[in-house]
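Database features, via Swiss-Prot:
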- 52-62: compositional bias 'Acidic residues' (COMPBIAS)
- S52: phosphoserine (MOD_RES)
- S56: phosphoserine (MOD_RES)
- 49-80: region 'Disordered' (REGION)
- 1-6: topological domain 'Extracellular' (TOPO_DOM)
- 28-80: topological domain 'Cytoplasmic' (TOPO_DOM)
- 7-27: transmembrane segment (TRANSMEM)
Amino acid sequence: MQSLIAAIVALVVVAIIAIVVWSIVFIEYRKILRQRKIDRLIDRIRERAEDSGNESEGDQEELSALVEMGHDAPWDIDDL
C-alpha cells in the first residue's frame, strides 16, 4: 500500500516539475519570437533608410510600441 502511495506522490511531483519546465520553455520561446520580430523591424528600418534617405516613421512607431520604450531608435544611443 505504501508503494502505491509513493508512486502516486512521485507522479504528482513529476507532473509539477514538467509543468514548471514547459512553462519556462514557453516563456523563453516567446522572448525569442519577440526578439526576432524586433530584429526584422530594425532591418526593415535600416533598409528603407538606405533606400529613401530617411527613416520610416511607421516602422519606428511599431518598433517603439513593441519594445515599449520611449526611445524611438534603441540602436542609436547618444545619452551615455
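Positions of Cβ are set from backbone N, Cα and C atoms, glycine also.
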Cβ-Cβ under 8 Å with the transmembrane segment (7-27): same-chain residues at least 6 beyond its ends: none
Structural state census, the topological domain 'Extracellular' (1-6) (DSSP three-state): 5 helix, 0 strand, 1 coil
